[in-house]
Amino acid sequence: MKRIGILTSGGDAPGMNAAVRAVAGKAMAEGLEAYGINYGFAGLVAGDIHKIEAADLDGVIQRGGTLLYSARYPEFAHEEGQLKGIEQLKRFGIDALVVIGGDGSYHGALRLTEHGYNTIGLPGTIDNDIPYTDFTIGFDTAVNTNVQALDRIYDTAHSHDRTFVVEVMGRGAGDVALWSGVSIGATAIVVPEVDWDMEEIANKIKHNRANGHRSNLIVLAEGVMGAQEFVEKLSEYGDFDARGNTIAHMQRGGNPTAKDRVMASKMGAYAVELLLAGKGGLAVGIQNNQLVNHNILDLFESKHDVEVSLDKLNEEISFK
């Protein structure tokens, strides 16, 4: 093996650049060449590929986004797209690949391995919805971004005795909402994995107001419903002077936290070690602070465990 390709795919996540840097840096340290593939699988098929030089990696570990850019390319699910991608890999003499992204990206990684190109997947998504890893690259930064925004929303909510419903990302998973909500002492956290009742939430707001609490923040996972829809349904149970707010794509940008930088660096270097050992079709993760790898097929047959106990914790320590 002489050349390793690297691509980022799907939604960007803070820390992707740290992962790219780690893969390329480890490859160079092992006497290999690293090639960057722009715009994910779309760029692979189009041949948008370049050699990564050491100077290209200066200052990237602290940058958000992805220096390799990203795109969604559903056409890669079909064999025609996969074969076009393989043609480009052969053209550039790339022997193996590291794919950084979410579960859709892992499907592409598995297909390439089946076609004879060892490929390793790294979990790059703020949603934290990948099985067999405690945390995904970008999750910690997204939660910290939310906490900063929610703290600011709390200030204005407190000034006006208002209720705010703040929608956060996570796709179908509630991790982002749960961690963000506990971190700011939310009145309620609403996620897909936990049963909830609108009337109970309304009664809690009324109870809080009656006991001198001037503001209420509800953290809402986007997989449940939108913030404005939630506000409208909440208004059926009383006049709460509620406002809907969506933090949106701010969660996917910004300088990655130290945790995301270190985790991405560990995973990236480990991916190269696996490729040097002749392995492919694997997904890298961190469990109990240890690097692990699992067959990508196992991920498709499993479901990420959301820490739903955080919702109970938030209920127990909230003021009654």
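Including glycine, each Cβ sits where the backbone N, Cα and C put it.
Swiss-Prot lists R72, Y73, G102, D103, G104, S105 as binding ATP, and of G11, G15, G25 the one it places in that same site is G11.
In three-state terms derived from DSSP, M169 (substrate binding site) belongs to neither a helical nor a strand segment and is classed as coil. Cα of G102 (ATP binding site) to Cα of R243 (substrate binding site): a distance of 32 Å.
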